[in-house]
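Pulled from TrEMBL, these are the features on record:
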- 23-477: domain 'Major facilitator superfamily (MFS) profile' (DOMAIN)
- 57-77: transmembrane segment (TRANSMEM)
- 89-116: transmembrane segment (TRANSMEM)
- 122-140: transmembrane segment (TRANSMEM)
- 147-171: transmembrane segment (TRANSMEM)
- 213-234: transmembrane segment (TRANSMEM)
- 240-261: transmembrane segment (TRANSMEM)
- 282-309: transmembrane segment (TRANSMEM)
- 315-333: transmembrane segment (TRANSMEM)
- 345-371: transmembrane segment (TRANSMEM)
- 377-396: transmembrane segment (TRANSMEM)
- 417-442: transmembrane segment (TRANSMEM)
- 448-472: transmembrane segment (TRANSMEM)
Amino acid sequence: MEVNVSTSSGEGAQILDPRRWLMLVVVLCASLMSTIDEFIVNVAIPSIERELHTSFAEMQLVVAGYTLVYAVLLVTGGRLGDIYGRKRLFLLGVGLFTLSSALCGFAPSPLLLIIFRITKGVGAAMMAPQVVSFIQVGFAPAERPTAFGMVSAVSGLASVVGQVLGGFLIAANLFGLGWRIIFLVNVPIGLVALLAGMLLIRESRVETEQASLDYGGVALLSITLFLFVFPIVIGGEAGWPLWSILCLLLSIPFMLVFLVYEYRRKKRGKLPLVSLSLFRSLRFPSGLITVLLSSSLFSGLLFLLAFYLQTMLHFTPLLSGFVFMASSISFILASSLSPRVTPRLGVLALPLAAVLVTVSYLLTVLAAQFFVPMWGMTPLLVGLFFLGSGMGLLVTPLMHRTLEGIGIDDVGSASGIYMTVMQLAAALGVAVIGMIFSLWTANTGSPLAGFVGSLIVTTILSLLLLITVFPLRRSLTQ
């Protein structure tokens, strides 16, 4: 079944598929699979090192290869869906991801494991932007907050499943497969998503004569993102050598060249990879800045907490995963309730969520510094519960407000940009907060002081959320 959505079609004229909620379940299963992969491989690092005799550099590429390719190609994947069909790109992405998962599970060497992880990143970049595009194109405006709430809830679920299930599967050593089972578990899920997607997903694409891929834009943006992401992912682990600083500096002129190129391509009447008209409204850039800030602080905090629990409190990775469940479960609950709560709060919804996030960071600081030594883990769990609640109430309306009003022709591109910023934020948060922790620890000689000091900086920076959400504060009911 296929429907062609033209640029002139208004939202009031769109024909809604009665099976759209079933379709959403299918694409969320695939989304869950790709998001889990970002978490689950970290648990398997020691086992992979022992069996394949990988070096530290090889293990870095196993982990970072997926993240790097995924982040670099998300915008391209979104625009390819606009041009060649969102259903087609989604199914190709699911197929490639599933096949690569199977190959990762049987990889006999570090080199092949790295290659198959990279191809998984390509598959994930092809399918992930289509999830948001499906919602923008296939759901009525009043239904989108609920759909975005489901997307956010699945993201929170993935963080739980990735950390806990990964440790359980490796410890259980199912069928004697060891670490390989964490990749092979994707295969049946991917096959079901592929078959169900063929039956349930309705095709949509841009219908204009100018709808051809912007190869120059793809090349320039890919180089720009590579120069930015690679040193953040790899350079931080290597102690920020000179090449990593040079790459970050080079990304700036490449980004400027990309923007000029896209502007001129649009002026020539051709479809750009990124339509700069998206940034004319203050809403879209404000939303991206809020995503960048909130996601980077959140990922940085999780990184610090993992170090605190395993290094200072000597928790096992599996036990640490159970501690993180406090934030993950509350995130899932808050994301699910957000579509009902947000309209009642009106213009206060996003500011109140931002305040809750800041309070949760403060509670985490107090718990780590004062309460844990006296009262055990309960105060820290309370802080994490508030953190998950604040992020859950923030993320769902934030996604809806940022992408609200985007034209049908630019849905895929905008979705890719949004998800790229989320990926960059995750890498940036770990790098920056990790650097603050290292410097603070070096100056004080105390890892606990470095941990608390980094949390204080995170808490102060989270106050900026109150500024960045200001242009997005209009009631979602309007």
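Yeah, the Cβs are placed from backbone N, Cα and C, and that goes for glycine too.
Since the structure is predicted, the reported quantities are computational estimates derived from the model, not experimental observations.
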Open item on the list: Could you check whether the transmembrane segment (282-309) and the transmembrane segment (377-396) come into contact, where contact means at least 3 Cβ pairs under 8 Å with the two residues of each pair 6 or more apart in sequence?
Closed with: yes
Task: Mean of pLDDT values spanning the domain 'Major facilitator superfamily (MFS) profile' (23-477) - done: 84
Open item on the list: With Cβ-Cβ distances below 8 Å as the criterion, list the same-chain residues six or more beyond the ends of the transmembrane segment (315-333) that contact it, or say none.
Closed with: 43, 152-153, 155-157, 159-160, 163-164, 166-168, 171, 302, 305-306, 309, 377, 380-382, 384-389, 391-392
Open item on the list: Under 8 angstroms, Cβ to Cβ: which one of 57-77, 89-116, 122-140, 240-261, 417-442 has the largest number of such pairs with the transmembrane segment (213-234)?
Closed with: 240-261
Open item on the list: Should anything in the same chain at least six residues away from the transmembrane segment (345-371) have a Cβ under 8 Å from its Cβ atoms, list it; otherwise answer none.
Closed with: 294, 297, 301, 305, 308, 378-380, 382-384, 386-387, 389-391, 393-394, 397-398, 401, 448, 451-452, 455-456, 458-459, 462-463, 465-466, 469-470, 472-477
TODO: Sort out the residues at least 6 away from either end of the transmembrane segment (377-396), same chain, that have Cβ-Cβ distances under 8 Å to it, and list them.
DONE: 145, 148-149, 151-153, 155-156, 294, 298, 301, 305, 323-324, 326-339, 341-342, 349-350, 352-361, 363-364, 366-368, 371, 465, 469
Task: Sequence-remote partners of the transmembrane segment (240-261) [C-beta within less than 8 Å, at least six residues beyond its ends] - done: 216-217, 220-221, 223-225, 227-228, 230-232, 234, 276, 435
Open item on the list: Pairs of Cβ atoms less than 8 Å apart decide it: which stretch in 57-77, 147-171, 448-472 has the most with the transmembrane segment (89-116)?
Closed with: 57-77
Task: For the transmembrane segment (57-77), sequence-distant contacts whose Cβ falls under 8 Å of one of its Cβ atoms, 6 or more beyond its ends - done: 37-38, 41-42, 45, 48-49, 89, 93, 110-111, 113-114, 117-118, 120-122, 124-130, 218, 221-222, 225-226, 229-230, 233-234, 237, 273-274, 412-413, 416-417, 419-420, 423-424, 427
